[in-house]
Amino acid sequence: MAEDNSPYKAVATKCRRSRTKFTEEQLKILINAFNKKPYPGYAAKQRLALEVNTEESRIQIWFQNRRARHRFLKRPEKNLDLRQDRVYPEENIQGMRDRRCRTSYTSSQLQTLMNAFMENPYPGIDSREQLAEDIGVPESRVQIWFQNRRSRLRIQKKREPEEASAQRQNQGQDL
DNA sequence: GGACTAACGTAATCACAGC
DNA sequence: GCTGTGATTACGTTAGTCC
């Protein structure tokens with residue numbers, strides 16, 4: 001955390017979703033499901049959400065954190081290459097293929113999102129929920145949209161100087 | 001205060017529609 | 001095929017809660 005413009009600092013001043021407190025019964029169901037299948041598909045996550053009476057996005061976060069903890073506990077001390085975990089067993093890949101249907105936004109929904117993004121690229125939970133209500137999509141989709149938008153903007157900004165210098169080189173060749 | 005863990009960030013990648 | 005973009009992942013950080 002050396003840089004002042006750290007996103008985490010920005011987040012600290014904004015409103016996070018209040019922390020979910022799972023009951024013992026809910027945890028029993030989640031752990032049981034995790035032990036059977038650490039990479040549930042969208043349908044399985046929805047079923048679990050219904051069963052433990054929470055949102056599907058909370059189930060997704062819970063599985064993400066659970067897998068991270070699992071990897072950490074399983075990690076051999078000398079093995080620092082955690083990326084090898086990206087090689088998934090076949091049954092896990094099947095779960096990953098069962099994705100949520102792609103959300104398609106209308107131009108007016110996109111306009112609303114873009115306006116909000118220009119005003120604040122890191123909206124807190126309150127703003128995200130308000131936006132979600134305004135455009136009629138779940139808050140979790142708004143969160144993903146902002147993540148993707150920030151990511152693509154960073155990539156675009158990184159590319160701009162490279163493209164400009166390539167253009168200058170081309171112009172030099174043309175002369 | 002430290003441990004645990006939900007929430008949330010980035011980066012990389014997959015998946016698929018539209019051209 | 002390529003591009004744009006929504007969805008999902010690993011991994012890292014922040015912060016609330018409990019002891």
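Even glycines carry a Cβ here, placed using N, Cα and C.
Nobody curates TrEMBL annotations by hand; they come from automatic prediction.
What TrEMBL says about this protein:
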- A:15-74: DNA-binding region (DNA_BIND)
- A:98-157: DNA-binding region (DNA_BIND)
- A:166-175: compositional bias 'Polar residues' (COMPBIAS)
- A:13-73: domain 'Homeobox' (DOMAIN)
- A:96-156: domain 'Homeobox' (DOMAIN)
- A:156-175: region 'Disordered' (REGION)
Predicted model, mean pLDDT over the DNA-binding region (A:98-157): 95
Helix-strand-coil residue split for the DNA-binding region (A:15-74), DSSP-based: 43 helix, 0 strand, 17 coil
